[in-house]
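Q: Pasting a structure here, questions to come.
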């Protein structure tokens, strides 16, 4: 690995480590997303806490955290594997941010950015899948899980296994981070889109 590739990976991780939800809530003088609602510093929890505008800003910045480094890697290296690894590092930064005690979000919005940066088709697959599941079930977490699995495994059909491997790792990490959501989905206790935030519970 040369210096350029190494620098891009470090940049992706550091950019991913900037938690948009915490910063946006601070700017809008909202409660910390880590202390109310699900306790997860992500877009969905910001939506419950502060409404559409703060949530939209959070979503945009989280997507850009994945999109920007992946596009940079794609343009500067022309190497699909390095580009896929850049996506993984951006996700790792979001989920395990060095600036916030390695306790971050669940990586879904940042994954959207990495997918669009890697291939707009993969990004479109994610968005369409998410919308379909969300419209039918109104569960944001279920929509994210289904879209993550389908979009990540779709990389296998557009690239070789080595390139797909970082995205498969991303899918596994995101599934593990949603363990609490999966348990609540099974017990029918998961919050639906539009539910208001409550005091922090055991969700992450």
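Cβ atoms are placed via backbone N, Cα and C, with glycine included.
As annotated in Swiss-Prot:
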- 8-28: transmembrane segment (TRANSMEM)
- 53-73: transmembrane segment (TRANSMEM)
- 81-101: transmembrane segment (TRANSMEM)
- 116-136: transmembrane segment (TRANSMEM)
- 155-175: transmembrane segment (TRANSMEM)
Q: May I ask whether the transmembrane segment (81-101) has at least three C-beta pairs under 8 Å with the transmembrane segment (155-175), counting pairs 6 or more apart in sequence?
A: yes
Q: Quick test of the contact rule: Cβ under 8 Å, at least six residues beyond the ends. What residues does that give for the transmembrane segment (81-101)?
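A: Same-chain contacts beyond the ends: 5, 8-10, 12-19, 22, 41, 62, 65-66, 69-70, 72-74, 107, 110-111, 113-115, 117-118, 155, 159, 162-167, 169-170, 173-174, 177.
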